[in-house]
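Before any comments, here is the structure.
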Amino acid sequence: MSIEKIWAREILDSRGNPTVEVDLYTAKGLFRAAVPSGASTGIYEALELRDGDKQRYLGKGVLKAVDHINSRIAPALISSGISVVEQEKLDNLMLELDGTENKSKFGANAILGVSLAVCKAGAAERDLPLYRHIAQLAGNSDLILPVPAFNVINGGSHAGNKLAMQEFMILPVGAESFRDAMRLGAEVYHTLKGVIKDKYGKDATNVGDEGGFAPNILENSEALELVKEAIDKAGYTEKMVIGMDVAASEFYRDGKYDLDFKSPADPSRYITGDQLGALYQDFVRNYPVVSIEDPFDQDDWAAWSKFTANVGIQIVGDDLTVTNPKRIERAVEEKACNCLLLKVNQIGSVTEAIQACKLAQENGWGVMVSHRSGETEDTFIADLVVGLCTGQIKTGAPCRSERLAKYNQLMRIEEELGDEARFAGHNFRNPSVL
């Protein structure tokens, strides 16, 4: 079934910034998709097109991207007559029309909005739930419910506190099902709120962009201590582990790292990659930390390779790999990490996101599907993670509707699958063994 109409508009994301929403019509009806946006972005990501008009939304409008869809992409896709089930053909047509390596002509936010809507329409055309359609596009016969990585303490560029490292996450690997994992996560989250309130006062329980708490602490080990205390207090020491997203590119200064980067610059306090690596080793020794994302700058390849060789935990590439096959291939070659963070808007189309995922999995890596800090009510990534069988997803704390929208959709999918539902649990790094 071919596309009858495409219409894009500017809407607002969870931070109050404009983003792109696309309505796509076929004979089966209307299919709507909205595009997320990151705060700490890797320099190698596909280009997110913003208007730059400071008189409007402080320069962050997306009317140019919207116009590219309505005046250029829509007519081309409609006149092509290509069916919405042909995801790769339609995505490739948009890539050809754009003609740039990083989607800078139309903007990755324009191309992705249409690509997501096409995928939803394709599922309806095949009379399949979206997650089954995605599984078919990826050539997967399995469907696996992921372990959620709840971001319960926010720092870095996601919060107004002094904390350098961006996310401290809890992973309920010992849960019996996804629904059970949600309960465990929510209980630890509420316990953590009480722990923080008792230690730092009520105003310390304000939340960051992704729903995690943002107490004004400086020491990263203090955040880990708070999370560990909440896990123990809730009674889930045996069922819960910790993950981190350091987002180290945000505090990389002149070849070194500034763990107090939100204060005025003072080069005398900067530390080397080796010193930072030793700090992570301490974290792994003293806390149940099983996953660290972006431990070093996106171009500090030597530090990545050295650290990954010396630890037995999951090392996740985000700014390093930006969901880009070329960057992933280099990271595989240099043994820089062992897990890909999959963000659809870093690469800018469903087809390329699936290709990036398959490339990582073929090389023995784990894959974690991820939201962005600027999110919408769109739940596409919930279906994506099940269809791609990656076994792990991070989409914020169990707080804020744009985060819960994804988690709630995953609970619905698990319910729909019934006895067929399998939860990744302890095998979140390698769910194919399930």
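Glycine residues also receive a Cβ, built from the backbone N, Cα and C atoms like all the rest.
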- [ ] Check the candidates Lys197, Lys262, Lys358 against Swiss-Prot and report the one noted as N6-acetyllysine.
- [x] Lys197
TODO: Could you check Swiss-Prot and say which of Lys105, Lys162, Lys199, Lys394 is marked as N6-acetyllysine?
DONE: Lys199
Open item on the list: Quick check: of Glu222, Glu225, Glu293, which does Swiss-Prot put in the same Mg(2+) 2 site as Asp245, Asp318?
Closed with: Glu293
Open item on the list: Please report the Cα separation of Lys197 (N6-acetyllysine) and Lys233 (N6-(2-hydroxyisobutyryl)lysine) in Å, rounded to an integer.
Closed with: 14
Open item on the list: What does the structure give for the C-alpha distance between Lys228 (N6-acetyllysine) and Glu293 (Mg(2+) binding site)? Integer Å is fine.
Closed with: 19
Task: Sequence-distant neighbours of Tyr287 (phosphotyrosine) in its chain (C-beta under 8 A, six or more apart) - done: Leu224, Glu225, Val227, Lys228, Ile242
Task: Cβ within 8 Å of the mean position of the Cβ atoms of Asp245, Glu293, Asp318: remaining residues of the chain near Mg(2+) - done: Gln166, Glu167, Met244, Val246, Ala247, Ile292, Asp294, Val316, Gly317, Asp319, Leu341, Ser370
- [ ] Pick out which of the modified residues Lys89, Lys228 has the most other Cβ atoms within 10 Å of its own Cβ.
- [x] Lys228
